[in-house]
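TrEMBL lists B:7-130 with the feature domain 'Fanconi anemia core complex-associated protein 24 pseudonuclease'. Annotated domain 'DisA/LigA helix-hairpin-helix motif' per TrEMBL: B:165-209, in sequence order.
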Amino acid sequence: LSRHPPGKGPSLSILADSREISCGAEVISSLRAVHGLRVQVCSLGSSDYIVSTRLAVERTFQSELQGPGNRNRLSQRLQRLQGLFQRVCVILETDRARPGETSRLFQRTQYYDGVLSALVQAGIRILFSSCQEETAVLLKDLALLEHRKGAAIGVPTELEGPRQDLLGFYLSIPTLSYVGALQLCHCFGCPRDLANSSPSAVAAAARLSRDGAEEIQRYLRHSFDPQLLP
Amino acid sequence: PVTAGSVVVPYGHVIGNEKWRGSEVAQKLQGKVRLIFEDGLGLVDFHLSNRTCILYISEADLVAGDEFKRRLVRFRNASNLRGLVIVEKTQISDQYFSAVQKLVVLELGMVLLPVANQGEAAQLIVQLVSVCVREQSRDQGSNPFLHKQRPRLAEPALLQTAQHIPGVGKTKALLLLQHFGSIHRLCNASISELEKVVGQTAARQIHTF
């Protein structure tokens with residue numbers, strides 16, 4: 001974990017999914033310019049933001065929870081995140097009024113309350129935001145909190161040259177998150193080192209749970225049966 | 001008197017603090033859930049199940065000052081129940097919302113759900129109760145956000161993983177996995193073992209990686 005120099009705030013890293021460049025540009029620029037965070041934009045695929053070694057954040061609009069239209073997309077994404085991360089958070093952002101529209105009244109549907117209740121029961125944290133700038137504040141607060149708990153992203157988030165091949169290799173391990181793969185890149189310079197390490201060594205180095213590390217080792221040792229290919 | 005301990009809630013019922021008798025929330029809950037009033041619930045406004053309860057913060061509480069914060073902290077320290085905080089977020093109380101959210105969610109680690117008025121609160125409580133009932137009846141499959149452990153085949157993923165080795169495409173990946181059986185054994189293969197499966201150049205590339 002990188003220790004920040006005394007007197008200065010910690011320089012925290014956040015990973016943002018590349019889709020957020022188009023739909024959350026103000027979130028990203030506000031994180032960088034106002035809050036001084038390092039935001040690495042990369043192709044996360046799974047979630048919109050990764051705030052620490054164990055916390056993923058999904059940014060969603062209130063309107064998406066209004067009716068069953070987006071139910072599958074959201075539930076599939078969150079189910080997947082629940083498998084990859086110890087903690088999952090949803091930031092529920094108020095929809096922006098379109099130009100020419102006087103503030104649309106938010107009609108609270110029964111469906112919306114049902115979704116909120118299901119999220120609560122699934123142990124997913126919910127935060128409410130009124131705009132992109134506020135979402136950036138919440139992401140910063142989450143990153144600070146995780147830093148205090150010793151879970152901050154402590155490795156460089158930018159990789160060059162052959163390290164990118166290595167990252168791609170680690171990312172293809174199904175149970176591993178993007179930040180988990182990044183951590184592995186920094187601890188295990190080649191797949192051989194990873195394959196020959198004990199689960200406890202992997203867990204300690206890559207800041208994974210013991211179960212998560214065992215799952216990786218099981219995957220690497222899985223005996224391949226070509227009959228089972230689709 | 002700090003009372004934050006558990007209460008036995010009959011299946012499908014809600015136990016409400018006596019002070020809510022006759023309120024709009026209580027009226028709107030009538031007929032949708034079975035509501036029982038009890039004295040001496042202390043800090044808690046509603047018990048939804050044996051382990052889930054609601055603390056309600058009204059617009060007036062927010063405007064009045066910090067008393068509600070002390071109440072939340074006392075609850076958090078005294079109870080291991082899952083506390084859901086429902087807060088009235090109105091035009092007047094909106095300015096307090098982000099500070100309340102920071103305290104409740106980030107500092108106390110509790111759940112915060114904003115509503116515009118008591119009518120919305122009643123509708124939300126009805127949904128929360130139905131989730132609690134499903135939870136008690138162990139009908140977990142009905143929650144679309146809970147992670148389901150589906151046993152997935154590792155084979156397609158392994159083929160993908162092998163293709164991330166420089167110089168290895170689909171054909172070589174398949175050959176290598178068939179020959180060595182696992183990624184672990186592939187990683188520990190010597191150059192001469194690799195050369196028997198793929199060409200010299202590829203074997204060296206794989207070994208270096």
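Glycine is treated like the rest: Cβ placed from N, Cα and C.
Predicted automatically and left uncurated, TrEMBL annotations should be read as such.
Mean model confidence for the domain 'Fanconi anemia core complex-associated protein 24 pseudonuclease' (B:7-130) is a pLDDT of 93.
Secondary structure counts, DSSP: the domain 'Fanconi anemia core complex-associated protein 24 pseudonuclease' (B:7-130) has 54 helix, 30 strand, 40 coil. Helix, strand and coil residue tallies for the domain 'DisA/LigA helix-hairpin-helix motif' (B:165-209), in that order: 30 helix, 0 strand, 15 coil [DSSP].
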